[in-house]
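Asker: For 1-22, the entry in Swiss-Prot reads signal peptide, with the evidence type sequence analysis. For N49, N546, the entry in Swiss-Prot reads N-linked glycosylation site. Swiss-Prot lists C88-C386, C98-C103, C154-C325, C389-C392 with the feature disulfide bond, giving similarity to another entry as the kind of evidence. Sequence annotations record features per position, and here Swiss-Prot assigns FAD binding site to R188, T190, W201, S258, H261, K290. Per Swiss-Prot, active site, nucleophile is recorded for C389, and the stated evidence type is similarity to another entry. Swiss-Prot lists C392 with the feature active site.
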Amino acid sequence: MKIAKGLVGLLILYKNVCQVLCKSGSSVKSGSPWSIKNDGKSIIHDTLNSSYSDIENLNSRVSPLLFDLTEKSDYMRFYRLNLFNKECRYNLDDNVACGSSACNVLVTDEQDVPEVWSSKSLGKLEGFMPELSRQIVETDRSVMEHVDKISQSCLLERLDDEAHQYCYVDNELDSGCVYVSLLENPERFTGYSGPHSTRIWEMIYNQCLPDSSAPTIDFPALFMQGPLAPPPKPQEQLLKERMDAWTLEQRVFYRVLSGMHSSISTHLCHGYLNQRNGVWGPNLQCFQEKVLNYPERLENLYFAYALMQRAIDKLYGHLDSLTFCHDSVLQDSEVRQKIAGLVSLIHNSPKMFDETMLFAGDPSISTALKEDFREHFKTVSALMDCVGCERCRLWGKIQTNGFGTALKILFEVSNIEDEVTNFDSRSFSLRLRRSEIVALINTFDRLSRSINFVDDFKQIYSEQHKPASFKRRVLRRIKQLLFSVTPVALHPFLQKTSSILVDLYFDFKAEWDNVMLGFRYVFASYLRFPRLFKFVLFSQESPFLNWTSHHLQRYIPKNWFPEVASV
């Protein structure tokens, strides 16, 4: 009997040990914040039954093309806008400016700008502006392969009709405009927050509400602690109930704004400044508090991607009507080829958003509704001039311009494939400003990177929540035992000592890994030395023997060598 009890006890102990030491599987469980995205069948509302996995699979192919366009193209690299001299159209009593150095934007110094950029000179120019970008051309090298000098026409603006615009586009002839390199001013955490930014986001989201209805939603409560801060549940429930009563057009309008907001917050949390060590990097807690803990925000990010994908798709067949660098065949062809590759890839992918479902009712009503939609989004773009942070204002203006351009393409441009049987495609010429094209591609790139950043945060979450190793559990037990047998007064000292030892361990491990990497490299070179020695001195392809033979032949008479009879 005692033997049987002992065996049962051993079996129970063995089971417990296996559960502790052999625990495996995904650390992202069904109850985690990622559960809604883990299900590949989760459909994103107001799309053509597109799922999270559909968008991620497409983005895995699109992302490298967007990176190549935005990082290695002069055309997409520079953006000209009125960043400092445009007054806010709205009365904000708490109008403030960000005092952090992270808010600053690097631009060309005004005193270094040539005379042709002065207001007098700019006022004399029409159409293309041949001298406007000379300063950048002369002072900055091209980032494109096989190109040494930036073509001025890659930086020029072409004047266009103001009709059918969904956002306010800065006039590049304005002497207050400046060129900004987007590579030198990445979108990342600046520290800009507080009542002022909350007030601006409140005014932006209030554009979702029809003019005839009272704003029953307390948007300041939704965003009390800065961009996308955790809202109270009653307010969030009220917003959901209100959205259920909205029309499709109102829901799309809100989802675009929320998706843009989620993308911005994702970038800020991924490029977050660690105040302890001064290193920029992902901050999972920031992302959880601003986006991940609220599934509708993550869903709206993916919805905005689907909408932007459809806008890029509609460029198919219109590229011939667009000019990029008119005085440089090489740069124009490179930019055109890259954009054509992106558009072609998206065009051959499943359609994710159907713009024809919007404004599809009675023509008189739908026209008025579209005009109201357009004016509300133009108000959103105008609110970007009220942002107190320069870098936030820069990327806010770019992305509202990008989404405004996408909406313009979706709702104002004919679909060539639907009309090709009745009209020649050239009759549907698409006219876009240079700033609109640059904003459109860079905004799509922002969304694409946000999707990638979501996966990065998921990997970090999985790493933090994976089962602890046996060594870590043993060390944790030792630490608990040590704390239990020492006086409470010594606990702060022990905690600080423990943190120092952990830092020392990781620093030592990093240095040791570097030493071992160097050792393996040197040791491998020694192992390859005999083969290298044989190749250099004794092989038929030996560069040493060939060099020696070549030089010896120069001093030996040619007739000394016997002639080889031809076969």
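Any Cβ shown, glycine's included, is placed from N, Cα and C.
Since the structure is predicted, the reported quantities are computational estimates derived from the model, not experimental observations.
Each of the listed features needs to be described in terms of its position in the shown structure.
Answerer: Of all the Cβ atoms in the protein chains shown, 11 others lie within 10 Å of the Cβ of N49 (N-linked glycosylation site).
Taking the Cβ of C386 (disulfide bond) as centre and 10 Å as the limit, one finds 22 other Cβ atoms among all the protein chains shown. C386 (disulfide bond) carries a helical DSSP state (H, G or I).
For C103 (disulfide bond), the number of other Cβ atoms no farther than 10 Å from its own Cβ, over all displayed protein chains, is 19. The secondary structure of C103 (disulfide bond), as reduced to three states from DSSP, is helical.
Using a 10 Å radius centred on the Cβ of C325 (disulfide bond) and all shown protein chains, the other Cβ atoms total 24.
Within 10 Å of the C-beta atom of C389 (active site, nucleophile) sit 24 other C-beta atoms, taking all shown protein chains into account.
In the three-state DSSP assignment, the secondary structure recorded for C392 (disulfide bond) is helix. Residues within less than 8 Å, Cβ to Cβ, of C392 (disulfide bond) and separated from it by at least 6 positions along the same chain comprise C98, C103, T190, Y192, S197.
A helical conformation is recorded for N546 (N-linked glycosylation site) in the three-state DSSP classification.
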Asker: Count the Cβ atoms, other than its own, that fall within 10 Å of the Cβ of C98 (disulfide bond), considering every protein chain shown.
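Answerer: There are 22 of them.
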Asker: Between N546 (N-linked glycosylation site) and R188 (FAD binding site), how far is it from one CA atom to the other, in Å?
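Answerer: Distance (Cα to Cα, whole Å): 57 Å.
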Asker: Rounded to a whole angstrom, what is the largest C-alpha distance between any two of the residues R188, T190, W201, S258, H261, K290 that the record assigns to FAD?
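Answerer: Taking every pair of listed residues, the largest Cα separation comes to 20 Å.
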Asker: Spatially, and counting Cα to Cα, which of the recorded positions is closest to C88 (disulfide bond)? Options: R188, K290, C389.
Answerer: C389
Asker: Cα-Cα, whole number of Å: H261 (FAD binding site) versus C389 (active site, nucleophile)?
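Answerer: That separation, Cα to Cα, works out to 16 Å.
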Asker: Cβ atoms within 10 Å, counted per site: which of T190, S258, N546 has the most, among these recorded positions?
Answerer: S258
